[in-house]
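TrEMBL lists 30-51, 71-97, 109-129, 141-160, 172-194, 200-222 with the feature transmembrane segment. Under the heading domain 'UBA', TrEMBL lists 374-414.
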Amino acid sequence: MRRPRNMRPNIVSEAGLPTRLNQWWESIPFLTSAIVVVCGVIYFLCLLVGYDSFIEICFLPSAVVSRFQVYRIYTSIIFHGSLLHVLFNMMALVPLGSELERIMGSVRLLYVTILLATSNAIFHVLIALLVAHNPFVTNDYLMNECAIGFSGVLFSMIVIETSLSGVQSRSVFGLFNVPAKWYAFFLLVVFQLLMQNVSLLGHLSGIVSGFAYTFGLFNILIPGSSFYSSIESSSWLSSCVRRPKFIVCTGGNPSGYIPTHTSQNSTSGGLLSGNIWGNLQSLMPRREVSAQPQSAEDSRFPGRGRTLGAPQGQIASGLHSDSNLQARLLEDSSPNHLSDSAILSTAQRSAEGRHLVDNVATTGAGVPPHQGAVASEEEIKKLVAMGFDRTQVEVALAAADGDLNVAVEILMSQQG
């Protein structure tokens with residue numbers, strides 16, 4: 001079918017490449033984009049000044065153990081050896097970091113990243129020491145291996161994200177599917193076979209650290225929500241918090257733990273088992289509100305309410321929506337769905353809540369409370385005499401707010 005000449009094409013297709021790149025960049029949360037910028041700037045600065053003495057800043061187990069150069073734990077993750085190295089790592093970080101940051105919040109993800117980088121280094125040193133000083137076969141190669149790049153933390157994030165996703169299998173570059181719990185190990189083998197100068201121990205330490213995190217071994221090191229809230233409310237971070245890309249973590253899991261295998265919302269099954277959706281909900285940045293009926297009108301402000309001094313028309317619109325809801329409940333009632341008694345109790349509770357709102361509104365405005373909403377026994381007998389069931393008549397009258405004509409329309413539409 002030909003498109004009419006006066007119809008404009010999709011506005012997205014009209015956007016130029018700079019516009020699309022800007023939209024893509026603006027969709028990346030604050031911390032993830034900051035890591036991309038820091039790693040990219042450091043690489044290009046090293047390229048401009050000709051700095052290539054990575055032996056001074058890489059993670060070298062022998063230097064960390066003998067000279068206690070712990071700064072290497074953190075300098076090694078922000079330096080990269082080549083353009084492809086930094087490009088591939090940052091391309092992998094954007095989807096992983098963005099998803100985890102939206103779940104955890106910017107400050108919490110920063111803390112978790114530092115925790116993962118530290119634990120990766122500890123596992124790296126322990127394995128290197130075990131290989132170099134064991135009673136069977138000793139080898140000092142791992143102690144003198146110089147590792148740089150953000151990929152160790154990325155492997156930890158892969159394990160955490162896979163655990164939170166709850167999927168049973170993952171695709172390896174679209175070629176074949178593997179069980180989700182072995183996904184990181186398959187990536188480890190693929191990268192080791194396809195690329196040169198890849199730190200096997202650095203990536204393996206990241207995987208071990210990721211599994212230790214998901215099994216809750218780091219829970220004792222994870223502070224409560226008040227810790228992140230105090231950081232977000234500090235004056236020195238106020239300029240960052242005000243940015244639209246910054247994601248606050250206030251109102252997260254009350255225990256302060258990010259969803260792990262031993263979290264209160266998971267079970268004691270396998271790594272990918274448990275209430276994954278419950279874990280995700282416990283982490284989502286949200287505001288703490290009182291228990292009120294929630295509406296989907298505005299996700300930022302849960303619950304339906306009004307400001308003090310709001311006009312009566314706003315309350316009337318809310319009551320009208322409640323009446324429509326009861327009418328839909330009545331139409332959907334059938335033996336396969338809800339019993340008449342359940343519908344009746346629901347309608348009675350809604351009517352009582354509606355009468356309470358009426359009384360509060362009319363009392364504040366100096367008007368006598370509404371008295372005509374209660375259905376009389378005569379009206380019920382009239383509708384029963386017309387051939388309608390008494391229970392349905394009572395429900396219809398409650399939904400119609402005592403209006404006999406509206407109740408008849410509801411009953412007729414139900415029978416139709």
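Every residue gets a Cβ built from N, Cα and C, even glycine.
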Between the transmembrane segment (71-97) and the transmembrane segment (141-160), are there three or more C-beta pairs closer than 8 Å, counting only pairs 6 or more apart along the chain? yes
Mind pulling out the one from 30-51, 141-160, 172-194, 200-222 with the most Cβ pairs under 8 angstroms to the transmembrane segment (109-129)? 200-222
Please indicate, using numbers and ranges, the residues of the same chain that are 6 or more beyond the transmembrane segment (30-51) and have a C-beta under 8 Å from a C-beta there. 78-80, 83, 86, 89-90, 93-94, 97-98, 101, 106, 109-110, 113, 150, 240, 243, 245-247
Taking DSSP helix as H, G and I and strand as E and B, the domain 'UBA' (374-414) has 30 helix, 0 strand, 11 coil
